[in-house]
Structures are given as C-alpha cells and as structure tokens.
Amino acid sequence: MATATSASLFSTVSSSYSKASSIPHSRLQSVKFNSVPSFTGLKSTSLISGSDSSSLAKTLRGSVTKAQTSDKKPYGFKINASYKVAVLGAAGGIGQPLSLLIKMSPLVSTLHLYDIANVKGVAADLSHCNTPSQVRDFTGPSELADCLKDVNVVVIPAGVPRKPGMTRDDLFNINANIVKTLVEAVAENCPNAFIHIISNPVNSTVPIAAEVLKKKGVYDPKKLFGVTTLDVVRANTFVSQKKNLKLIDVDVPVIGGHAGITILPLLSKTKPSVNFTDEEIQELTVRIQNAGTEVVDAKAGAGSATLSMAYAAARFVESSLRALDGDGDVYECSFVESTLTDLPFFASRVKIGKNGLEAVIESDLQGLTEYEQKALEALKVELKASIDKGVAFANKPAAAAAN
C-alpha cells in the first residue's frame with residue numbers, strides 16, 4: 001500500500017508510524033466536508049457520505065476505502081469541541097486566513113483573536129461562519145491577558161511581512177521584539193499552553209521564546225514549536241509535480257531550519273520511493289529553499305506567502321489539537337529543542353502527544369546521501385548563528401533589545 005502524507009488535507013489525513021519501521025502510513029480521520037453548495041465546515045462523522053458531490057468528498061471516500069482495509073481504527077473527533085485557541089496577530093496577512101481555517105476545526109470551542117488594531121472586523125466576519133467555535137476579539141496590550149486566559153494552544157503569526165529584496169533576517173529586530181513581548185504574556189497567563197511560533201525568522205524567534213519562558217520559570221521544551229510545516233507542504237507539492245505523483249501519496253521530510261539553506265528536504269527519504277537525478281535533486285532543493293522568495297517576487301511587493309503559510313499552520317494546529325484530544329499517532333515536522341544534532345534547536349519529524357513533544361524521529365538523520373550529508377553540515381553553521389542571535393537578543397537588557 002502506498003504511503004500518504006498529511007500535507008494535502010491538513011485536517012483529514014495524518015501521518016503515523018508502524019511498529020516495524022519509521023515509515024509513515026496514512027491514517028484517515030473521521031471528518032466530513034459538506035459539498036460546496038451547503039458548506040458548513042467540518043463535521044464529526046463515522047463515514048464519508050456517499051451522496052456528497054464535492055471533489056474533495058470523492059477524494060475522501062477513496063481514502064475511506066483504503067482505510068477500511070487497514071487494521072488501524074480511524075481516530076474520531078469529539079462531537080463537542082472543547083479546546084481554546086488564541087491567534088496573536090489575527091488581523092494580519094497570515095492571521096486572517098489562518099483564523100478562518102482554525103474556525104473550521106471541530107475540535108475548537110473558542111477562538112480568541114488578538115492584534116494591535118483592526119481585529120474587531122475580522123472577528124465579526126468570522127463569527128458569521130456557522131461552525132461550532134465562538135469567536136472573541138481582543139485589541140491592544142491591555143486586553144492581551146484576557147485573550148490568553150485558559151487557552152490550550154497559542155499561535156503567533158504576528159510580525160511584519162517580507163517585501164521584495166528582504167530576507168527573513170532583515171525582519172529580525174522588529175519581529176524579535178514582537179515575539180518577545182507576546183511570549184512574556186503567554187508565560188504569565190497560560191504557561192501550560194502549546195506555543196506555535198510562525199513569526200520569522202523562526203530560526204531565531206523560537207530560541208527567543210525559549211529564553212523568555214526560562215526567565216519566567218515556565219519553560220517546557222515539549223510545548224514550544226517552530227512551525228516549519230510550510231517547507232513540508234512545498235516539498236510534497238513540488239515533488240508530486242516533478243514526478244507526476246498523486247499529491248496525497250507524497251511525503252518528504254524536511255529538516256534543519258526555516259530559512260534559505262537551513263531548509264533541507266530529504267528527497268532520498270521521499271515516500272513513495274522515487275528516483276531523482278542529481279539535477280532534479282539540486283533543482284528541487286533550491287526551489288524548496290527559495291519558495292518564499294518566489295511568492296514575494298510574484299506578488300511584486302503586494303505581500304508574501306500568506307495563504308500557503310496559513311494553510312500549513314492550520315494543519316499544524318489541527319495536529320496539535322488531535323494530540324491534545326488523545327490521538328496517539330500525530331507526527332509533524334517542527335523546529336524544536338532537540339538532541340538530534342549538536343545544535344540546541346533543530347527541525348525534524350516529531351511525535352506530538354497530550355503533553356506536547358513526545359519524541360524526535362532519529363531515523364531522519366540516518367542513511368543520508370552524500371549530497372544530504374554535505375548540505376546538513378553546511379546548514380549547521382548558518383543555523384547556529386541564527387540560534388545564537390536569538391539567544392543573545394533575548395538576554396539583552398530591555399532598552400538595548402528595543403533598538
């Protein structure tokens with residue numbers, strides 16, 4: 001049976017690992033999308049309706065047929081959602097579509113939207129969507145504590161967007177201060193929540209968040225995640241296009257970091273197994289690494305990769321919620337505190353459970369090709385510099401960090 005990835009349908013297919021190997025196999029979740037004419041979001045169900053006419057439903061029905069031949073019981077969502085999610089930066093280019101996608105989740109009971117301005121309109125708009133979760137808006141620092149009260153998952157896309165000619169590192173000073181301030185509030189108001197960092201540069205903002213949490217005495221490395229899912233989504237998409245494969249079958253692990261050469265797709269570990277020429281490996285690797293710039297240039301100054309980032313982040317949020325809800329087979333790639341290399345943080349496939357990070361998939365770094373091994377050694381230098389930059393920023397006196 002061909003393996004499948006959770007990338008193509010973030011809320012319908014998840015990766016799991018068989019006991020015999022570290023190779024992921026698809027697991028269908030019990031989710032139903034209504035057909036487009038009467039779309040009402042995601043619904044908990046035991047089977048995809050045979051009368052559903054949307055193309056997505058047809059795809060899911062095909063997946064159900066495959067799943068029914070498996071000896072694994074599909075994971076079922078709770079009928080009554082019970083998780084609170086806060087999006088910090090909800091009025092931004094990523095925050096708005098991300099909030100919409102999270103609003104569709106059957107696991108979310110309450111969606112808190114925070115920003116320094118313009119968030120009331122976003123909340124009003126989303127509140128008209130007839131999905132179960134209730135939407136509340138919070139504006140400005142004075143309302144941030146209330147936004148974070150009793151939240152289970154905090155998602156942070158806040159920050160300035162990339163512009164043509166701007167690298168992720170150019171964003172550092174502005175976004176570093178934003179992340180530092182927001183994570184301080186998280187530490188004070190919901191220290192046990194899962195924290196998802198989207199704000200770039202992730203290679204530095206995650207270490208900043210870790211240092212802030214340490215200073216507050218509430219750091220739990222199992223609950224701090226740098227969201228690198230977009231790199232996996234892109235790798236799966238580009239490989240499926242290059243090799244004319246069904247996207248739902250493709251799974252490419254991506255390790256390292258979340259900027260430039262620190263993004264390393266392990267094409268040799270692509271599932272299903274695919275043969276690449278040296279030229280294809282080079283072409284795909286470079287395209288995946290520079291995909292963000294590809295979008296920035298295409299938008300000609302009008303924005304960055306907001307929609308694909310929102311999609312990827314929503315997938316990661318959904319995975320975290322499933323883990324909190326008791327699904328024991330949740331795997332994603334993420335930039336986390338790790339002992340996989342000699343670096344303190346590293347992106348790789350991880351297992352997520354009720355209490356956060358449960359395991360780092362060590363097999364990701366085993367059996368690498370010569371090309372991948374050289375790329376790994378090369379990325380470590382740049383990644384270490386970014387991590388050190390984040391740690392140094394977090395430990396600056398407040399006045400110096402603000403400059």
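Just so it is clear, glycine is given a Cβ too, placed from its N, Cα and C backbone atoms.
What you are looking at is a predicted structure, and each value in this text was computed from that prediction instead of being measured.
Swiss-Prot lists Gly89, Ala90, Ala91, Gly92, Gly93, Ile94, Gly95, Asp115, Ile198, Ser199, Asn200, Met309 as binding NAD(+), and of Asn173, Asn175, Asn177, Asn275 the one it places in that same site is Asn175.
In this structure the C-alpha atoms belonging to His258 (active site, proton acceptor) and Ser199 (NAD(+) binding site) are separated by 11 Å. Between the C-alpha atoms of Asn200 (substrate binding site) and Gly95 (NAD(+) binding site), the distance comes to 14 Å. When secondary structure is read from DSSP and collapsed to three states, Asn175 (NAD(+) binding site) falls in the helix class. Whole-number maximum of the Cα to Cα distances across the NAD(+)-binding residues Gly89, Ala90, Ala91, Gly92, Gly93, Ile94, Gly95, Asp115, Asn175, Ile198, Ser199, Asn200, Met309: 18 angstrom. Listed binding-site residues: Gly89, Gly93, Gly95. The one with the lowest count of other Cβ atoms within 10 Å of its Cβ is Gly93.
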